[in-house]
Each structure stands twice: as C-alpha cells, then as structure tokens.
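Undergrad: Below is a structure I'd like to ask you about.
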Amino acid sequence: MVNDTTTKPPNCAEIQQCIEAYGYVNYLPIISVNAFFLAVFSVGFIAQFLLGFRHRTWGYTAAMMVGALIEAIGYGGRIGMHFDVFIDTWFIIYLCCLTIAPAFFSCAVYLSLSRILSLYNPHLSLLKPRVITTIFISCDLLSLVLQAVGGALASVATTNHSQDIGVDVMVAGLSSQVAATTAFGVLCLHLMWAVRKHRARVYKHTEVLRRNGRVRLFLWAIALATLTILIRCAFRVAELSEGFKGSLANNEVLFLVFDAAMMTVCIGALTVAHPAWTLGDEMWVAGGFRKGEAGSAGSGVGEEGMVMGRKERSENASASASGHVTPENREGGGSM
C-alpha cells in the first residue's frame, strides 16, 4: 500500500523505491488494521482497569494494564509510520513498545499460578508458589531489560555494526523469554501429571470450586495465553535474527498473524477469564503471599483451608503419638 503524502528523501523518483532504500521497514503499515489493534488494546486497558479496581487484584491488574497500554502505544507508532516511514520517532515507538509489551502479560500469567496451586495443593508442584513467582518474575524482568536496551540501541544506531549489537541484545531478551515461558509450561504440565497421579493429596475442600465452569475457563485462559506468548516470542526471535531488512521483518501479514493476533488472543483470554470473576476475590487473596490475610498459598483456601491445615496437623500428631505412619507422613508431610 503506497501513500503519496509520505515525506520522500531527496533523490528518490518513486515512493516505493524510497521506502525500500530509506525506510525503516519496506512497507507502509495499513492504517485500518493497525487502528483496529490499537482499539483492541485500548479496550483491554480500560477493561483491566475496571476489573482490577472493582476486585483489587492489584498485581495482576498492573501487569495487564501496563502491557495493554504499551501495546496500544506501539500500534499508534505503526500508524505514524504509515504517514512517514523515514523518520526514527515512529519506528522507535513501534519497535520498543511492541517488543517489550508481552513481557507484562507473562508477568500476569506467572502471578496466576500460585492461585491455581491453591486449588489443588501447592506441595504437588515442583517449586513452592513463592519460589515460582520470584524465579519467573525475575526472568521476565531480565528479558524486559534486555529487549528494552536492545531496542533502544538498535533504533538509534548510526552504523550497521551498532545496529547489529542492538538487535543481538533484543534477540537475547526474546530468547530468554522463550526459555522462561517454555519452563513455565513444563512446570504446569508437571502439575497436571501430579494431580492425576496423586489424587489423594489434592485438596478435597476445593473440589466443588475446581469443577466450576468459570475455574476451568480460567485454566484454559492461562494455557492459551502461555501458548500465544510462546508463539509470538519465537516468531520475533526468528524475525529479528535476520535483521531489520530481513524478509520476516518486512512482511506485515506475518507480523499481524504471529504478533498482533497472538497478543489479541492473549489479552482477550486474560480479560474474559479475569481471575477475580473466575476464581473469586477470596480465592485470589488466598493464593497470595501477604501475611495476615485469609489463608496462604501453602495452606489451602481461606478460612476453610486454615481449618483443614489445623485438622491435618492434629491427625499427623495423633498418628505420630500412636506410632502409626500415614502415606502423607511417609512422603514428608506432603512436600515434594
């Protein structure tokens, strides 16, 4: 698509020739399509704000809102590129924003796993909820910093060498995000296996809640969001590995399918299946780490979880006093 109003550099006869020779990308982004995605993420931002304010899911809401806002700004940059693809301002906005935004969606997904563990039994997981959150949020922060620094270096580079350095740093950041997302997926798959293998250790008092259609919707949303983030990051690694003048970096259709559409599905799933609506406010608080609140990620859900914990400790103490060893005691009190 060609726009004759685009500012042309000197010594250029044809606009397409100018774009290929001097443009930051070899095409003019389509206004209507990019405006659609700008609207999608703007609506997602507003929806996350309203849901978060209503239900006080602050960590999840902050991550989703920041991610949605940065995505919207990035598509604003792409719309600006349609009118002038030769200046660096719009390109920097597009490159930096759409590169780092999904890291915030990953953060929201990582925060959700501790709540999911509270439905089953945190001891069934390979790692404790607090450890999971600490490790994966740290990995997310590392990838975010690498992508942001790499994007800044590449977008303001004055030589091919300095631009290549920036691109390499971005690829490193995206690759670390792919690795972290893959590891997170493996951890979730192990949890599924452990729940099926050790059914006797799964919390009984949350069985009704687990069978609720809303909770299942939330679990599917987390799985779908994880998959779309992984697909998107893998695509961006392949895209940037070729450099800004590579075939993938200059194919808008592929970008729209493997980045824009993937992140639309991601934010859609994490908004429609918002945890406060699907799990409930009390369940979300019970899966947190703040002391003094109703329950904890390691003790069950709310008051009922604490009662269950006291009951289990009492039974274990009685068993120890009588010399009877239960399967739970043989397994070290249920820890893995």
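Glycine is no exception: its Cβ is also placed from the backbone N, Cα and C atoms.
Unlike curated entries, TrEMBL annotations are predicted automatically.
Okay, these came from TrEMBL:
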- 30-51: transmembrane segment (TRANSMEM)
- 58-77: transmembrane segment (TRANSMEM)
- 89-111: transmembrane segment (TRANSMEM)
- 131-154: transmembrane segment (TRANSMEM)
- 174-196: transmembrane segment (TRANSMEM)
- 217-238: transmembrane segment (TRANSMEM)
- 253-273: transmembrane segment (TRANSMEM)
- 293-336: region 'Disordered' (REGION)
- 327-336: compositional bias 'Basic and acidic residues' (COMPBIAS)
Undergrad: Please work out whether the transmembrane segment (30-51) lies in contact with the transmembrane segment (217-238), by counting C-beta pairs under 8 angstroms that are 6 or more apart in sequence and asking whether there are at least 3.
TA: no
Undergrad: Short question: most Cβ pairs under 8 Å with the transmembrane segment (253-273), which of 58-77, 89-111, 131-154, 174-196, 217-238?
TA: 217-238
Undergrad: Where else in the chain does the transmembrane segment (174-196) make close Cβ contacts, counting only residues six or more beyond its ends and a cut-off under 8 Å?
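TA: Apart from its flanks, the transmembrane segment (174-196) reaches 99, 102-103, 106, 109-110, 113, 116-117, 120, 124-127, 132, 136, 139-140, 142-143, 146-147, 202, 222-223, 226-227, 229-230, 233-234, 236-237, 240, 336.
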